[in-house]
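Swiss-Prot has this to say about the protein:
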- Arg107, Lys108, Lys111, Glu133, Asp134, Leu135, Thr136, Thr137, Asp138, Gly139, Gly140, Ser141: 5-phospho-alpha-D-ribose 1-diphosphate binding site (BINDING)
- Thr137: orotate binding site (BINDING)
Amino acid sequence: MIPNSFPDQAEMARLTAGMLLEIEAVHFNAREPFILASGLPSPTYIDCRKLISFPRIRSTLMDFLTVTVMREAGFEAFDNIAGGETAGIPFGALVAERLALPMTYVRKKPKGYGRDAQIEGVMREGERVLLVEDLTTDGGSKLKFVEAIRKTGATCGHTAVIFSYGIFPETESSLAAEGVKLHHLCTWWDVLAEARARGSFDPETLGAVETFLNDPRAWQEAHKRD
């Protein structure tokens with residue numbers, strides 16, 4: 001796999017956004033907001049798990065993600081690829097296959113005891129591990145996985161995702177504070193631009209989504225349920 005034979009990052013972001021729209025992984029609804037795991041409302045929702053059911057798109061995006069990591073981290077930067085339970089497991093396996101590296105996965109909670117209680121597969125002390133997930137919002141769950149990886153004696157300074165919300169400034173800063181670099185293919189801004197170009201949603205909905213993206217905390221406060 002030769003990184004220079006692929007599109008630049010901006011074009012890969014546009015193509016990724018288009019593929020997510022094509023498989024209807026993107027949902028916008030400002031009138032009846034989605035409730036996130038945090039309990040906060042959002043007019044946007046994305047389901048990257050759907051990608052595993054679309055082989056051509058899945059393969060293309062895994063090529064894109066692998067190339068992005070190689071461009072930004074290097075050709076020989078890792079010894080092990082770890083998928084985060086649950087959504088990151090298939091994508092971790094696909095990236096590991098492309099890089100010809102061992103694959104492991106990290107549990108959300110320990111199973112049993114000892115420093116390897118959250119790790120399935122073989123992860124050796126000193127190995128340089130790339131954590132792969134489907135998406136990130138604020139980076140919080142990634143740090144929990146990184147902590148579990150580091151407990152084994154391995155190192156983890158990089159995480160790769162297909163989709164990053166790209167609207168919460170603390171995402172990359174919180175990861176960076178723990179020595180973790182985030183690699184991603186596209187954000188809500190890329191999806192919004194491509195949705196406008198395709199006419200995927202009506203102008204009122206797209207306008208409401210843009211308002212949210214510009215100040216998500218204020219939008220969430222204004223749309224909180226009592």
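From the backbone N, Cα and C atoms, a Cβ is placed for every residue, glycine too.
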C-beta crowding around Lys111 (5-phospho-alpha-D-ribose 1-diphosphate binding site), within 10 angstroms: 10
Cβ contacts of Gly140 (5-phospho-alpha-D-ribose 1-diphosphate binding site) (under 8 Å, same chain, 6 or more positions away): Ser174
Under 8 Å by Cβ from the residue listed as 'orotate binding site', counting only residues of that chain that are 6 or more apart: Leu36, Tyr165, Phe168, Thr171
Gly140 (5-phospho-alpha-D-ribose 1-diphosphate binding site): secondary structure state under DSSP, collapsed to three categories: helix
Entry from the binding-site residues list Asp134, Asp138 having the most other CB atoms no farther than 10 A: Asp134
Cβ-Cβ distance under 8 Å to Thr136 (5-phospho-alpha-D-ribose 1-diphosphate binding site), same chain, at least six residues away: Lys142, Thr159, Val161, Phe163, Ser164, Tyr165, Thr171, Leu182, His184
Local backbone state of Lys111 (5-phospho-alpha-D-ribose 1-diphosphate binding site), from DSSP in three classes: coil
For Arg107 (5-phospho-alpha-D-ribose 1-diphosphate binding site): intrachain residues, at least 6 apart, with Cβ closer than 8 Å: Glu85, Ala117, Gln118, Ile119, Glu120, Ala148
